[in-house]
Structure formats: structure tokens, C-alpha cells
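Marked as domain 'Poly(A) polymerase nucleotidyltransferase' by TrEMBL: 10-206. According to TrEMBL, the feature ATP binding site maps to Phe89, Gly90, Ser91, Asp102, Ile103, Asp104, Asp159, Lys220, Tyr229, Gly238, Val239. Taken from TrEMBL, the feature Mg(2+) 2 binding site applies to Asp102, Asp104, Asp159. Annotated Mg(2+) 1 binding site per TrEMBL: Asp102, Asp104, in sequence order. Here TrEMBL flags 211-356 as domain 'Poly(A) polymerase central'. Residues annotated as domain 'Poly(A) polymerase RNA-binding' in TrEMBL: 358-556. What TrEMBL records for 441-452 is compositional bias 'Basic and acidic residues'. Here TrEMBL flags 441-464, 561-596 as region 'Disordered'.
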Amino acid sequence: MEGQVRERWGITEPVSKLMPDEKDLEVHRQLIEELKRQNNFESQEATDRRVKALNLFQKVTEDFVRIVGKAKGLSQSAVDSAGGKIFTFGSYRLGVYGPGSDIDTLVVAPRHVTFKDFFEYFPPCLEKHSKPGDIEELTPVPDAHVPIIKIEYCGISIDLIFAALPSASIKLSLELTEKNILRGLDETMMRSVNGTRVTDELLQLIPQAKTFRHATRAIKLWAQRRGIYGNVFGFPGGVAWAMMVARICQLYPYACGATIAVKFFSIYAEWPWPRPVLLKAVEDGALGLKVWNPQIYRGDKQHLMPIITPAFPSMCATHNVTHSTKSVITKELERGRSLAGLIYTGKKSWHDLFERHTFFTKDYKYYLSIISASTTKEEQNMWSGWVQSRLRLLVKGIDESDSGVEVAHPYYKATERFHRCKTQAEKDRVLSGSVEFVVKEDKKTTDEKDPSKPTNGDDSNDAESITIYTNTHYIGLKLREGMYSSIPARRLATHNTVNTEGAKKLDISFPVSDFKRLVTSGTNYDEDKNAIRVVHTRSYDLPLDLFEEGEVRPVKVKKVKAKPVKRSFADTGIDDTQSNSSKRRSTNGGPTPTPS
């Protein structure tokens, strides 16, 4: 009621109810200025384009539901009243989106519409309502954990998911907040609906929306710049980071955004994981649905950094975190705490906090390059998405193996490349990590989608050229301290034995071969169209396109060492090294073929 002051948010009393003082407000002003310099806020014109696109998607949804109803023989009155509605969630719904952010969107339809209908009828319906060129890219991923259609529409990325409720019609007044809405939904449908429910619940649990949004923008930017962002890679995703910020807002309900950001680092740098981060008490199970409970479920007990969604049924948003990614996250939180204190005293700036990671420039000596490849862009979108979704299992496998790897740190996004080769030998070099046949950005044209057409007079793009699309993921490897300093880099991935001096030889053959077997056994794999390679890459062999302007690729340090006994890569589970591939080219004119 008006005039009443709320005393408590979340599961505990606030730590402090102090209002910001002049110093707090000045540091906050500096934060907003830096966020603007980092281009973190979107222009009103760009936001208006998002709204226009969402309005069109609402019309398409209603038309799509009508079309399906007619196809299934529903009466005209049932077709006319069927309705349909879209909901947004994620960063857009939270109000923390920026230039280039995607829009997570849920299509809700009545009971007569199925997932099969969604993938069959929605794309042509969208095309019917769009102008030529509006749909820049459309990739259905029906086999994903949450089935999705990824769309590039008028320069806007839209991730479209689907749910059908057990109702004859879906009205525009529908809200998804009541848990009875989940009654009768299967597990896949429930996962689809959960994103919107979590976002809406979160917004109800924070004291000040503006403060939350400023602090969340800062933390998301920090996480992205430091390379610790993305659930699929074993890091917290956008909503998980937002929930962590929301908990700090509950503890300091009247603080400004900068203060929340500073407290974020001081609290989470010392957080006693696996104690969960909770915005509210977990509701008891109902409707026959599983609720997160580590006392009952063994899988829940194994979560390393549990951040629990507030909407029923509560789930762990960070179940993908591995021992390696946890160590990377905690290291970055400690760095953030150190800098945040110095920012508040004026000795450092927010710009220092947002400094780009050093993943490629100095963090690791050894990397795994996981290269997925296809002969067409459409095939590669499907194939690379599947490989990416399984990447965390490779990290987990390395973590759990007795391999001698202390940290397996996945980079938080893939590098896309487009190659044109003339021979099979050149193709094999691409699959071993070579970027010498990459088509440069400034040479790309709209004809690139049809590799049979010449580009800028490049005669290498003839009828006999081999077109390859690749996505490469990089995993930085930190070896256990003091155990491998005497082992040459070329011995990385040799058999797992212990010599008389106690130097244990590195072996990641099992997790690598298990990962390759897993991804190639999926329905998305076609051996005639797709390939997967796992290649050992030394820091000084990393492709130059991974480095931004002003960054320097590591250089090889020459050391005099006894010549080691080599072992065939066919025995290790690693397909090749980029340096070995280069050596074979100089002697044989092309690399020795290796198994895919």
C-alpha cells in the first residue's frame, strides 16, 4: 500500500538500507559514461525496429495458428477464435539488451498445434508476411534441448521457440505467471514456457528496476569481455548473471547501480559454493513436476555453482558449469573484486574492469581446436550448432579424466570461416586448422551463398573448387603445475604413463574420441557433408584472425632439448597439430590424411 516501506526482498533481510551518497552517485555516473562509450545502449531507432519486427511476428503467429487449424479440419469458428500470442524473455524482456542482442521469443499456440506444425508451417508463413530480403537467415533446430528456429530478420537476431497449451484458444490477454498454466505440459513444452516465467518472476523480486538494469548491463559486459559468458560453454548465461545481480539488489535495496556492481564482486568472490543463489524460497513440487532439490536428486547435488530460477518449477540455470569453468569464473570474480575496490577509490576506472580477456594472447600455451565443417552454409548451421551443444561434454570429459590437465577452458564463442580449396589435400589442411584458403571479409559478396558463382573475378571459385564452411571452437589447456615442464609440446596427448622421474605424460585421447563418437552418432551428422576434427594448436600457431588490433600473437621460444620419441596421432585421439600439418606441406606438398 502507498506509504508503506517494504522491509525485505528475497530469503533474508537486507544487508544495508542506506541510500547512495555523493561518492556513490559520482562512481555511478562514471559507470554510465563508460557503458555509453562501450556502445552498451541501443538507439531509439534500433529499438523501434525491434518493436516493429515483434508486431509482425505476432501477426504471423496468429496466421500460422489459423493455417494449421484449417489443415487439420477445424471448424471455421474454431479457426477464427484460435488466436496465438508471442512472449519475449531474456535480455530484451529484462531491458538490458544492446546493439546486436538477440530477442528470445516464445510462440504460444492452442492444443491443436504441434512442434512438427511449428517447424513445417511457421517459416513459410513468415516468408509470406515478409518483403524479399527481410529474412536473411532461418535455421530450424528441431532436435535441440529446447527446439528452436534461429532467424536473422531485418538485421535482428530472433531465437524463436514454441509451446502449445492445453486450451482451444490463446487470447492476447493470456499471462504465463500462474503455475496452473503448466498443467498437462510435457517436459519439452515446460522448458519452452519456463524462460518467460523466470524473466517475469525475476522482475517482480527486485527493489528497483532501473538500478538492476544498470548493474546487470555492467556485469554482462564484464562477463562477455572476460570470456565467461554462455550456458552452452559451461558459463552462466545472461539470465543467470542477471539473477546473481538481482540477489545483490535484494541485499542492498536502495543502492545505485555502481554500488550493486561493486558489491556483486565482493560477495561472489567469497561465495561458499555450492551454496545456491536463491531469489526466493523454492516452492514445493506440485503437478507432478520435478523441483530442484539436492537432498533428493543426485544430479542436483552435483551442481557446482547452483543459481536457481525463481519461477516454479525451480531449476538450476548453471547446471553446465564444470570444474574447469568454475575455476575460470572464480578467478575472474577475484580480479573483479580487486578492481572494483580500486575503482571506488579512483585508482582504477570502469574501463579497466571491462578490459578484453587474454585468452589467446597469454593465458595458455596449448589449445585444442575443435573444427566442424560442412560443404554448404545451411548444413553447417545445423552441424555446428549440434557440435557446439556437445562441447561442454568434452570439457567435462577432460576434467574427469586422469589426463594431467588442470583447466580445460572453452572460449565462449566459435569462429566462423569460409574457405575455397582446389584439391582434397587443401581441404585436409583446412580440416587440420589451416586458414590459408579463407575467403576474406572484403572479398565476400552476396554471391558467396552460391559458391558456384565467381567472386570479384577470383578464378579459384570455379566449378571444380571445394567450398568449406567451418566453425572452430578453442579450448585452452592448463597443465598441472610442476608435472609436465619437461615434456615437449609435441608430446602433448601422448599415452598416460609415469616415468622414473615422476613426470606423467598427458593423455586426453579418451575424452576426445568419446566426444567425436558422440557428435558423429547424432542425427545431424552426414559423413558425406560434415566433418569434425580435434587438433592440438600451440599458442604461436593460433590464426591471426583471433587477435584484435593491438594484440600480439605469442611467439615460439626456442629451447635446446633432447629429441623426443614421437607417437602417431592416430593413437592419441587428436587428429593433428597445425605445426605438423605445415611441416608435411613443405615436404610432401600436402598434409598426410588423418581420420575424420
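Placed from the backbone N, Cα and C atoms, the Cβ positions cover glycine too.
Those TrEMBL annotations? Automatic predictions, nothing curated.
For Asp104 (Mg(2+) 2 binding site), the binding-site residues whose C-alpha atoms fall inside a 10 Å radius of its own C-alpha are Phe89, Ser91, Asp159, out of Phe89, Ser91, Asp159, Tyr229, Val239. The two recorded residues Asp159 (ATP binding site) and Asp102 (Mg(2+) 2 binding site) have their Cα atoms spaced 7 Å from each other.
Residue density at Asp104 (Mg(2+) 2 binding site): 24 other Cβ atoms are found within 10 A of its Cβ, drawing on all protein chains shown.
The Cβ neighbour count for Ile103 (ATP binding site), using a 10 Å radius and every protein chain shown, is 23. Taking the C-alpha atom of Asp102 (Mg(2+) 2 binding site) as reference, the shortest distance to any of the binding-site residues Phe89, Ser91, Tyr229, Val239 belongs to Ser91. Long-range neighbours of Phe89 (ATP binding site) (same chain, six or more residues apart, CB within less than 8 Å of its CB): Asp104, Thr105, Leu106, Gly195, Thr196, Val198, Thr199, Asp200, Val239. Same-chain residues at least 6 positions away in sequence with a Cβ under 8 Å from that of Tyr229 (ATP binding site) are, in sequence order, Lys220, Ala223, Phe235, Pro236, Gly237, Gly238, Trp241, Tyr412. Among the residues the record lists as binding ATP, namely Phe89, Gly90, Ser91, Asp102, Ile103, Asp104, Asp159, Lys220, Tyr229, Gly238, Val239, the two farthest apart have Cα atoms separated by 19 Å. Listed in chain order, the residues near the Mg(2+) 2 site other than Asp102, Asp104, Asp159 are Gly90, Tyr92, Ile103, Thr105, Ser157, Ile158, Leu160, each with its Cβ within 8 Å of the site Cβ centroid. For the domain 'Poly(A) polymerase central' (211-356), the predicted model reports an average pLDDT of 96. In the domain 'Poly(A) polymerase central' (211-356), helix, strand and coil residues by DSSP number 74 helix, 4 strand, 68 coil. All protein chains considered, the CB of Asp102 (Mg(2+) 2 binding site) has 17 other CB atoms within 10 Å. Same-chain residues at least 6 positions away in sequence with a Cβ under 8 Å from that of Ser91 (ATP binding site) are, in sequence order, Tyr97, Ser101, Asp102, Asp104, Lys220, Gly238, Ala242.
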